[in-house]
Amino acid sequence: MTKNNNFDFLRFLFAILVVISHAFPLSGSIETKQWIYEITNGQLVLGQIGLSGFFVISGFFIFQSLERSKSLQEYFKKRFLRLFPALFFVLLFSVLLAPFVYNGSMPFLKNKEVFTYLPYNLTLFGFQSGIKGIFDTNSYHAINGSLWTIRYEFTLYIALALLFFFRNNKKLNISILLFVYVFFIILYNFYLSRFAESSLMGFQGGHVINLGAFFIAGSVLASLKFQNWRYKKTLLVIVSLLSVLSLYFNYYDAVKHMIFPVLVVLIGFIPVKFLSGFGKAGDASYGIYIYSFPIQQTLMYFFKMNTYTLMFVSVIISITFGFFSWHYIEKKALKYKRID
């Protein structure tokens, strides 16, 4: 990855936005009380910005990773090492934390859900949101309400891998991506109500279409070598203006999959001195994202904080956990990418 970019900062920012957004419902408030929700007439919440941004960036760089991979084995090895070691440890952390926040009627070790929580969630396709008796006095009972997105992301990795078979035909790759991208936008804007609540193997149709469109948009931009385009600053002004106008005229939801991905990638590639070196301390974004929810739940269980106190304290603790996860788990796991 080119060092002279702002993507480390953007990933960090998007992770923090998710933490801030979760502080509202987890403290007993509602996300619609966010200032950005009010000024955009209900079109945006911070968590939506953060999550959408994650999928755009992921789509962009995962496509590049696929292009660099010499085999599908190499590609999936890199994807596995990026996601699963940290996921395993946050699940283990949650299980070890569980006895201290358990109020169940049956003895802790006789509760079968204690023993299924880690393996079910590690497979991604057997999602278990909580353990009966844990966080029962909180507004939300889920142990980690952030993990549901990982199954969608990994599934998109699998879908994208199909392009490997056409890797020698760049035009065909671009055509396939553009076709799927347009198809998803049509589904989102005209048929979302039909699929929003439909579910298959735990995957909700609405999430597949929405998150998939952002991910594919990132991949489309990568396939078009967007980083090499000229006049990025001029384009940033134009796209920013279109974003403001879409929000002003209450049209953002209809055009967000076209405007937001371009905005994110433009901001990522326009060099800003004090942001370009942001990642030197490490990439804490994934750790922040996966640890913040159980941290916030634990803080609410013991201290019953108000929204803004929870927000402040959980951001600080989550950043600490995020950097710990990067330096002692994720970074070490990624070293195995180079081992055949």
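Including glycine, each Cβ sits where the backbone N, Cα and C put it.
The shown structure was predicted, so the numbers you read here are calculated from the model rather than taken from an experiment.
Feature annotation from TrEMBL assigns domain 'Acyltransferase 3' to 5-322.
Distant neighbours of the transmembrane segment (12-30): 45-51, 53-54, 57, 138-140, 145-146, 278, 283-286, 288-289, 292-293, 296-297, 300, 305-308, 310-311, 314-315, 318-319, 322; these residues of the same chain sit at least 6 beyond its ends, with a Cβ under 8 Å from one of its Cβ atoms. The transmembrane segment feature in TrEMBL is assigned to 12-30 (among others).
TrEMBL lists 42-63 (among others) with the feature transmembrane segment.
Under the heading transmembrane segment, TrEMBL lists 83-102 (among others). Panel annotation: around the transmembrane segment (83-102), residues 108, 114, 117-118, 121-122, 131, 133-135, 143-144, 147, 150, 153-154, 286-287, 290-291, 294, 297-298, 301, 325, 329-330, 332-333 of the same chain, lying at least six beyond its termini, place a Cβ under 8 Å from a Cβ of the stretch.
Taken from TrEMBL, the feature transmembrane segment covers 145-165 (among others).
Only residues 6 or more beyond the boundaries of the transmembrane segment (172-191), in the same chain, are considered here, and those with a CB under 8 A from a CB of the stretch are 163, 166, 209-210, 212-213, 216-217, 219-220, 223-224, 254, 257-258. The transmembrane segment feature in TrEMBL is assigned to 172-191 (among others).
Per TrEMBL, transmembrane segment is recorded for 203-222 (among others).
If you look up TrEMBL, you'll see 234-252 (among others) marked as transmembrane segment.
Here TrEMBL flags 258-279 (among others) as transmembrane segment. Within the chain, the transmembrane segment (258-279) has long-range Cβ neighbours (under 8 A, six or more residues past its boundaries) at 3-10, 12, 52-53, 56-57, 59-60, 185, 214, 217-218, 221, 226-227, 232-233, 235-236, 239-240, 242-243, 246, 252.
Among the features that TrEMBL reports, transmembrane segment is placed at 286-303 (among others).
The transmembrane segment annotation in TrEMBL covers 309-329 (among others).
Residues 15-16, 19-20, 23, 26-27, 85-86, 89-90, 281-292, 295-296, 299-300 of the same chain sit 6 or more residues outside the transmembrane segment (309-329) yet have a Cβ under 8 Å from a Cβ within it. When Cβ-Cβ distances below 8 Å are used as the criterion, the transmembrane segment (203-222) is approached by residues 51-52, 55-64, 149, 151-153, 155-156, 160, 174, 177-178, 180-181, 184-185, 187-188, 192, 194-197, 257-258, 260-262, 264-265 of the same chain, each at least six residues removed from its ends.
Per-residue pLDDT, averaged across the domain 'Acyltransferase 3' (5-322), gives 95.
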